[in-house]
Amino acid sequence: MPHELLRTRLAGAAFVVASALALLLAQGQDIALGGRDSLGSRAGVIAGGLAAVSFAAAYLAPGSAAPGADLHRPPLKRILALVALASGVGLSAYLIVIAVAQVFQIGFRGLTIDPLGGAALAGFAAAVASYAAASFGPRVTGSSIASLSVSLLFMGTLASMVSSPDASWWQLHFSQLGNTAGVTGYRFNLALIMTGLLLTVLADYIAHSFARGLRVREVDSVKTPRTIAWIFTGIGVCMMTAGWVPDATNFAVHVGAASGMVVFFGALTFVVLRDVPDLPREMVAFTYVVIAGIIVAVLLWIPVGYYNLTGMELVSAGLLFSWLIEFTRSAESYAGSPRREAVDASTQRKASAPAGSPARRSPGRRRTR
């Protein structure tokens, strides 16, 4: 089935299912557009669930490029990756729908929606979410997973900020959002957990890209990609732990997990810069800029006192996630571009060199430290 036809059918089915569920849940009563137990919250849950199903259907559809990229991984890892990606897509759709509904509720104060109108709006939201999810499913890459991770954490944090009953949370730190009882803490912590889970999936994509790039450059090193994968997985596990154990539940575990992310990031940059040859110069320069920026951000907090801990976390997180997207794109470029150049150069050498010349011989392999 062509991908466009599949996306259209999934969106149409999502519209019908979501409209029916919203109409059933309304029970003949008008309902607010945003807020707790509103049309937005119900439509968000429905749209998120249907978006996850649509993503999985498109991801597993015949002709999809996504499963082919996973063939180098064991079946269990592929299943876990599918569950993580589908859950991330579904949670993103949920957060976007409730955020949009809340914004419109603020703009149209006192507005209530009748059951039929609510069913139509819920169906529309689910159809759009399912179409977008089905479009993402067949073309999953490391860059798209990185973008999904960043957007998921951003939307989760934003949704928690606007719904927090504690107007002074920012005077402490971002973890205070996760300490809040009710839906605010739930959204923030769940966003942390799902983002960390997506990073563990992304680790395999990045390691695979570097492994291909090293083979192209005739560098016989299996250890380096595996080390990168394990370190990157450590970052994801630490983020999941920070979301699973809020600051108010266990201060030592939460702070230890947050500190672990910084340690793993430092180890990752050290290994990549030391053991991966021929990295793009822009990536190397940007890495040093990010490290310097984080150091400056910390110094502006302590000892300068320019802003509080929340400000330092905001600046550092912005730098780190910008680096994540650039790092993932550089890894894909590292795996792809040199291959064409190497093949072209090898073909030209073989075509022009006489028989028995050194150009005809197989090049030796270099070994990294």
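Any Cβ shown, glycine's included, is placed from N, Cα and C.
Database features, via TrEMBL:
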- 44-67: transmembrane segment (TRANSMEM)
- 79-104: transmembrane segment (TRANSMEM)
- 116-133: transmembrane segment (TRANSMEM)
- 145-164: transmembrane segment (TRANSMEM)
- 184-207: transmembrane segment (TRANSMEM)
- 228-245: transmembrane segment (TRANSMEM)
- 251-273: transmembrane segment (TRANSMEM)
- 285-302: transmembrane segment (TRANSMEM)
- 333-369: region 'Disordered' (REGION)
- 351-361: compositional bias 'Low complexity' (COMPBIAS)
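Contact check: the transmembrane segment (184-207) against the transmembrane segment (251-273) gives fewer than three Cβ pairs closer than 8 Å, residues 6 or more apart, which falls short of the contact criterion. The stretches the transmembrane segment (116-133) and the transmembrane segment (79-104) meet in space: the count of Cβ pairs below 8 angstroms, excluding pairs fewer than 6 apart in sequence, reaches at least three. Under 8 Å from some Cβ of the transmembrane segment (145-164) lie the Cβ atoms of residues 85, 88-89, 91-92, 95-96, 98-99, 102, 136, 174, 177-178, 180, 183-185, 187-188, 190-192, 194-195, 198-199, 201-202, 205, 321, 324-325, 328, all in the same chain and six or more residues away from its ends.
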